[in-house]
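Q: I grabbed these lines from Swiss-Prot:
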TOPO_DOM  1-39  topological domain 'Cytoplasmic'
TOPO_DOM  61-73  topological domain 'Extracellular'
TOPO_DOM  95-135  topological domain 'Cytoplasmic'
TOPO_DOM  157-200  topological domain 'Extracellular'
TOPO_DOM  222-276  topological domain 'Cytoplasmic'
TOPO_DOM  298-301  topological domain 'Extracellular'
TOPO_DOM  323-369  topological domain 'Cytoplasmic'
TOPO_DOM  391-396  topological domain 'Extracellular'
TRANSMEM  40-60  transmembrane segment
TRANSMEM  74-94  transmembrane segment
TRANSMEM  136-156  transmembrane segment
TRANSMEM  201-221  transmembrane segment
TRANSMEM  277-297  transmembrane segment
TRANSMEM  302-322  transmembrane segment
TRANSMEM  370-390  transmembrane segment
Amino acid sequence: MYPRFLSRNYPLAKHLFFVTRYSFGLLGLRFGKEQSWLHLLWLVFNFVNLAHCCQAEFVFGWSHLRTSPVDAMDAFCPLACSFTTLFKLGWMWWRRQEVADLMDRIRLLIGEQEKREDSRRKVAQRSYYLMVTRCGMLVFTLGSITTGAFVLRSLWEMWVRRHQEFKFDMPFRMLFHDFAHRMPWFPVFYLYSTWSGQVTVYAFAGTDGFFFGFTLYMAFLLQALRYDIQDALKPIRDPSLRESKICCQRLADIVDRHNEIEKIVKEFSGIMAAPTFVHFVSASLVIATSVIDILLYSGYNIIRYVVYTFTVSSAIFLYCYGGTEMSTESLSLGEAAYSSAWYTWDRETRRRVFLIILRAQRPITVRVPFFAPSLPVFTSVIKFTGSIVALAKTIL
């Protein structure tokens with residue numbers, strides 16, 4: 001038995017921003033719907049839970065920084081991811097109405113393409129939709145496995161020390177008030193700490209899924225524009241005045257839709273620039289500290305950080321892949337126009353084609369401070385983390 005969204009019979013319309021809606025829905029944040037008091041209270045609890053556990057991780061790491069740097073690193077590594085996720089959760093709630101409006105506009109634009117009854121568009125749409133949902137849920141699943149790995153580590157350590165004096169340790173390296181590390185409150189705070197790991201997973205999977213989904217949905221709309229350019233500029237020998245006029249109108253519609261896509265991407269950049277920048281910076285540090293922890297630890301402790309590193313790397317890869325896919329499809333508009341039979345049309349049509357080619361030379365990208373997410377940026381991030389690890393090895 002596997003999840004319904006993996007089935008080929010699952011309605012295509014439900015795939016649109018599925019990961020974002022599902023992940024944030026688990027936290028009580030609903031986009032485009034009226035927020036009930038129950039959902040709002042659940043959202044506030046999750047936010048406070050994550051903030052409180054971030055503070056507990058920081059206290060643990062700071063208190064062990066001089067006496068046990070290895071344990072301090074074990075606390076600071078998840079803390080970087082948790083604190084970033086806390087920022088993302090607050091940011092997405094603050095911009096929730098803009099996010100909902102953006103989702104509705106994309107739904108309308110894609111709905112216009114669905115009315116075309118074009119097999120090429122249907123195949124491309126299904127391909128992009130399934131990729132967004134499956135890759136987003138892959139990160140969601142990997143994050144849950146990471147939380148499970150930390151919990152299993154904690155339970156295993158309890159089992160190994162069962163004949164010794166019992167240590168009331170949390171699944172993550174957290175230091176609460178003294179009563180939380182004693183019975184009868186210990187089981188409650190143990191679950192409280194574990195849940196903060198899942199809040200982290202749901203929030204970062206929802207935010208990352210929103211970015212990845214948006215870029216691939218835009219890539220689909222740009223691909224649909226490419227099909228329209230190819231259809232509008234089909235080779236016709238001696239086109240009539242009426243045919244030239246129709247072609248010019250179709251090209252004008254293509255330009256308008258291209259402008260609309262660029263406008264939406266600009267608005268999206270305004271919403272996601274801050275969380276994306278913070279994510280890339282923190283992900284670089286998290287990957288580096290995870291690799292350092294792998295070098296410092298031995299035995300079963302390595303497994304959880306291998307999974308953790310793979311999860312964070314997968315999330316940042318989706319950002320970069322989505323940005324590259326969108327910019328590539330944007331550049332392909334100019335290639336499609338140039339490869340068409342534009343030379344057989346009249347002067348006005350050729351002029352419009354020339355303008356499309358010039359416009360397409362400037363790719364559409366999500367603007368983030370200092371960079372635009374792309375596969376070369378992913379390579380740079382990995383190199384940067386490698387430099388941090390090399391520096392840490394010389395110090396440690």
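Placement of Cβ uses the backbone N, Cα and C atoms for every residue, glycine included.
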Q: Any chance you could find the range in 40-60, 136-156, 370-390 with the most Cβ pairs under 8 Å to the transmembrane segment (302-322)?
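A: If we count Cβ pairs closer than 8 Å to the transmembrane segment (302-322), 136-156 scores highest.
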Q: So if I exclude everything within five residues of the ends of the transmembrane segment (74-94), which remaining residues of that chain have a CB under 8 angstroms from its CBs? That is, six or more out.
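A: Result: 24, 27, 29, 43, 46-47, 50-51, 53-54, 57-58, 60-61, 64, 150, 172-174, 196-197, 199-200, 203-204, 206-207, 210, 274-275, 278-279, 282-283, 285-286, 289-290, 293, 305, 308, 312.
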Q: By DSSP, how many residues in the topological domain 'Cytoplasmic' (1-39) are helix, how many strand, and how many coil?
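A: Helix/strand/coil tally for the topological domain 'Cytoplasmic' (1-39): 20 helix, 0 strand, 19 coil.
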Q: Residue list, the topological domain 'Cytoplasmic' (95-135) vs rest of chain: Cβ under 8 Å, 6 or more residues beyond ends.
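A: Residues 5-6, 12, 15-19, 29, 31-32, 209-210, 212-214, 216-221, 223-224, 227, 257, 260-261, 264, 267-268, 271, 318.
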Q: How do the residues of the topological domain 'Cytoplasmic' (222-276) split into helix, strand and coil according to DSSP?
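A: The topological domain 'Cytoplasmic' (222-276) comes out at 47 helix, 0 strand, 8 coil.
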